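Below: the structure, in structure tokens.
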Amino acid sequence: MSVGFIGAGQLAFALAKGFTAAGVLAAHKIMASSPDMDQATVSALRKIGVNLTPHNKETVRHSDVLFLAVKPHIIPFILDEIGANIEDRHIVVSCAAGVTINSIEKKLTAFQPAPKVIRCMTNTPVVVREGVTVYATGTHAQVEDGRLVEQLMGSVGFCTEVEEDLIDAVTGLSGSGPAYAFTALDALADGGVKMGLPRRLAVRLGAQALLGAAKMLLDSEQHPSQLKDNVCSPGGATIHALHVLESGGFRSLLINAVEASCIRTRELQTMADQETISPAAIKKTVLDKVKLDSSAGASLSSDHVKPLP
């Protein structure tokens, strides 16, 4: 079995490194494509032995399982490009937030009457084999196709099959979840530094606290609230700290964050469906904006800003 990645960014690197570390796939059995062969993740993939190419069609030709690891709005253009190269043997796995199985199948059926499509949502901790992945199978994907993907993704963390209509919510929770955890950890470390701890030690203590708490929860059948209560002594330091969190709306902020991520995921699907702008146009628009902003900034600097004495 060979695996290909359309896109050679952070997700492709995380999965490729996870697969090779787990021993389920040798690096020479993996190929990734990117139009930018100078980006850092391309160099990182090359270092672990992954084959690289700037041509998406070459990745398709050398792959049995093909991961679409690009931004959602680019998916329609990628499918137009590679559709004619998709064969019966290919399992197309979309990792793009919000992009539905139906939208991918609709594109590919113009080239292949029964494309095997699987939609998944994973997260970056797959790089250390502690990821979370859910997947849903498409109209033409067989049971064994789903099992193959589950075997791959299960080698780099927890993996389970769900109904597709749950995947947007999963994106808001575990897909974006590592970013919530890193932000919380950064803030915890800042608190430690404020109270006198060295930065490196503060980060390590915070990370270990979160790791230990997660493991306690996964290894027990207790509700998170019960485990929280077990830490709080009457009149103690922890319950006073939790009062501060509750006063600041800590729970509501997390709930709202999950909701916001989920809603944005659905908006991304709408953008992908509209296909109103191509990747080349997006790149040109960004470059033009940078030039415009630079010119405006230079003008503002010369006309309105006096040099410091």
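Cβ coordinates are placed from backbone N, Cα and C, and glycine is handled just like the others.
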Query = Ala8, Gln10, Leu11, Ser34, Asp36, Asn56, Val70, Lys71, Asn230 bind NADPH according to Swiss-Prot; which of Ala97, Ala207, Ala209, Ala257 goes with them?
reply = Ala97
Task = Please tell me which one of the binding-site residues listed here (Ile6, Ala8, Gln10, Cys95) sits closest to Ala237 (L-proline binding site), measuring Cα to Cα?
result = Gln10
Query = Which whole number of Å gives the largest C-alpha distance between any two of Glu164, Ala237, Thr238, the residues noted as binding L-proline?
reply = 44
Request  = Have a look around Ser34 (NADP(+) binding site) and count the other CB atoms within 10 A of its CB, chains all included.
outcome  = 24
Task = Looking only at C-alpha atoms, tell me how far Cys95 (NADP(+) binding site) is from Val70 (NADPH binding site), rounded to the nearest Å.
result = 8
Query = Three states by DSSP: which one describes Thr238 (L-proline binding site)?
reply = helix
Remark   = In the three-state DSSP scheme, Glu164 (L-proline binding site) belongs to helix
